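Quick notes on the structure that follows.
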Amino acid sequence: MTIAIGQNQERGIFDLIDDWLKKDRFVFVGWSGLLLFPTAYLAVGGWMTGTTFVTSWYTHGLASSYLEGCNFLTAAVSSPANSMGHSLLLLWGPEAQGDFTRWCQIGGLWTFVALHGSFGLIGFCLRQFEIARLVGIRPYNAIAFSGPIAVFVSVFLLYPLGQASWFFAPSFGVAAIFRFLLFLQGFHNWTLNPFHMMGVAGILGGALLCAIHGATVENTLFEDGDAANTFRAFTPTQSEETYSMVTANRFWSQIFGVAFSNKRWLHFFMLFVPVTGLWTSAIGIVGLALNLRAYDFVSQELRAAEDPEFETFYTKNILLNEGIRAWMAAQDQPHENFVFPEEVLPRGNAL
């Protein structure tokens with residue numbers, strides 16, 4: 001008879017750390033948490049600090065904090081001054097030289113929030129990968145979350161990198177984002193950009209699919225319990241489905257003439273539409289960073305210039321964009337001291 005005696009393998013420091021990080025607790029930490037939690041905490045903390053106390057007087061000539069009288073919709077952490085270029089604006093860098101007050105004044109909090117926010121989003125994506133692997137499911141949640149990451153990185157980092165400085169990035173605030181949207185329209189004609197059109201179709205299409213799917217499932221729930229409502233009839237361990245896919249298919253076949261007959265294809269489509277919309281929007285913003293133009297219908301512009309009675313919605317929008325540029329530039333970039341004489345301001349029956 002042979003007796004095999006096993007020896008306990010000596011566990012290294014990596015194994016001990018791995019065990020602690022993946023320990024079953026109320027809030028899972030994991031290796032991704034080492035990136036997610038510090039960066040997300042600092043990004044949110046930096047934004048709350050900036051919107052509460054820090055002025056934008058030295059960067060945009062604006063009041064932007066609760067301390068100065070702003071509210072939740074008008075407060076913001078504003079982008080750095082144009083003169084700062086694409087500097088990382090480190091607290092210990094040559095611009096601030098360790099002076100926290102000066103660092104806040106020149107816009108250091110914006111780069112702080114933008115960079116930590118980017119890494120926080122990446123950490124959250126990695127968290128979904130990590131937990132999916134531990135639970136034993138596919139990582140489509142993490143893949144879907146690549147869409148918001150792509151939009152954030154393209155808007156807040158890649159667009160200003162293609163422009164003159166961080167100054168042209170959106171500031172972190174509600175009204176500040178609206179100002180940025182007007183800027184994109186006036187200077188890039190963003191709404192006529194095909195990538196923006198695909199993005200709108202993806203986001204609104206995803207919302208439509210979500211509403212239809214939720215309503216259809218609610219409509220076809222099996223009432224297989226004796227409780228007061230159908231929610232209690234569901235148990236997490238039940239073997240049968242909770243709603244009738246066959247009935248749902250029958251319903252939409254009668255409505256449209258076609259319907260999803262496969263749950264996998266249905267849910268993949270619900271994943272694909274909004275994520276593709278986010279990615280196409282991100283690609284479009286990278287195009288704006290390089291100053292790529294949207295659709296130009298020059299023949300309509302030439303005819304409108306020759307014939308005062310000819311006008312289209314396109315030529316209307318071109319005039320409106322000229323107005324946005326002329327009246328916004330002086331307000332938006334006070335450091336340039338723009339002065340536009342009356343004869344260069346846009347004219348026409350569109351305005």
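Glycine is no exception: its Cβ is also placed from the backbone N, Cα and C atoms.
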Stated Swiss-Prot location of transmembrane segment, expressed as one of 39-59, 102-122, 249-269: 39-59
Binding-site residues near Gln128 (pheophytin a binding site) (Cα-Cα within 10 Å), from His116, His196, Phe260, His267: none
Folded-back contacts onto the transmembrane segment (39-59), same chain, C-beta under 8 angstroms, at least six residues removed: 65-68, 70, 75-81, 104-107, 109-110, 112-113, 116-117, 119-120, 123-124, 167, 171-173
Proximal but sequence-remote residues of the same chain as Phe260 (plastoquinone binding site) (Cβ under 8 Å, at least 6 apart): Asn249, Trp252, Leu266, Phe269
Cα-to-Cα gap, His267 (Fe cation binding site) vs Asn141 (pheophytin a binding site), nearest whole Å: 12
Between His213 (Fe cation binding site) and Asn141 (pheophytin a binding site): CA-CA distance (Å): 18
Cα-to-Cα gap, His213 (Fe cation binding site) vs His116 (chlorophyll a ChlzD2 binding site), nearest whole Å: 36
